[in-house]
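One structure below.
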Amino acid sequence: MNTRDLRDMEKALLNGESVRDGDLYELSAADGRLADSMIAVAGRLREHTFAGGVHLCMIANAKSGRCTENCAFCAQAGGADTGIETWALRDPEWMVRAARQTEPPVHRFSIVTSGRGPSPEELDTITGSFRAMPQDGGVAYCASLGLLDEARLRRLRDAGVSRYHHNLETARSFFPKICTSHQFEERTATIRAARAAGMSVCAGGLFGLGESDRQVVELALELRALEVDSVPVNFLTPVPGTLLEGLRELTPQRCLKIIALLRLALPDREILVCGGREANLGEAQERIFEAGASGIMTGNYLTTEGRALDQDLAMIRRLGLHPRGDG
């Protein structure tokens, strides 16, 4: 792969063609000037597809900690000694209040809960909460509740949830190294069930777990095959007390390369940079859009602090961009 090949690839992408799997795997080895050129192509592709609009989303952590699963990276995992604050499922008033506090230019608001999946009683509470949320305020609703089947996902859809979020986290070949309490196939089954239930899907991964750049491409191709609508990109912020507490292998440049690889594999999908962008990119987080990102999560994350909406809006406008639908 050289710069001429990359120019040909860009022309094909702008004409609506897909990049061949082999070319993406070859690009995963790019470094130096070729990696810089790849990032630039991804940025132009983002501009072609989304112009200057930036998608914004926010989440609310409605149930924290006490998880039965053993994901190596997670501060809420069973067995992790992280000292995070934990709480049982919040009541409907709390969830509705969090939704009411989310207004445009934020586009989507999600209720997120820890655990393998909600109990029947918890799902009753959550669906009732969504039914009580404003339905005409310009903000769409998502849920991220773990492993669910189609019947339970239909209940969420009928309560007003239009999109289900469920990350694959990492490539199929790497997944057993970060989680053994459930199988990769259970995650893909949940995504297919959400599709069957009539919902759009937000599914991506967490990077910096020790995966290779080839495995970044492997994950991207899995997401492409699943036809997900939106791809959240998280970068590991090691939390003391987790199994990955000492792992620090990300650089700002690698973060940008990961975003670019995802954009080239998924040219017309939303790519949202979420957890870990502040800690891993620092000043370079303003470059995520030139690497192909089309949106961000703003506000706090599940167990770590993010940036205030006002700060992110100022960054977006400073870059000559604007929230989607604004300007």
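Just so you know, glycine gets a Cβ as well, placed from its N, Cα and C.
Residues annotated as domain 'Radical SAM core' in TrEMBL: 49-277.
The [4Fe-4S] cluster binding site annotation in TrEMBL covers Cys67, Cys71, Cys74. Less than 8 angstroms from the CB of Cys67 ([4Fe-4S] cluster binding site) sit Cys74, Gln76, Ala77, Gly78, Ser114, Gly115, Arg116, each of them six or more residues away in the same chain.
Taken from TrEMBL, the feature [2Fe-2S] cluster binding site covers Ser110, Cys142, Cys202. Non-local contacts of Cys142 ([2Fe-2S] cluster binding site) by the CB criterion (under 8 A, 6+ apart in sequence, same chain) comprise Cys57, Arg108, Phe109, Ser110, Ile111, Val161, Ser162, Arg163, Tyr164, His165, Cys202. DSSP classifies Cys142 ([2Fe-2S] cluster binding site) as strand under the three-state reduction.
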Greatest C-beta neighbour count within 10 angstroms, which of the binding-site residues Cys71, Cys202: Cys202
Shell of the [2Fe-2S] cluster site beyond Ser110, Cys142, Cys202, same chain only (C-beta within 8 angstroms of their C-beta centre): Cys57, Ile59, Arg108, Tyr141, Ala143, Ser144, Arg163, Tyr164, His165, Ser230
Model confidence over the domain 'Radical SAM core' (49-277) (mean pLDDT, whole number): 94
Neighbouring C-beta atoms (10 Å sphere around the C-beta of Cys74 ([4Fe-4S] cluster binding site)): 24
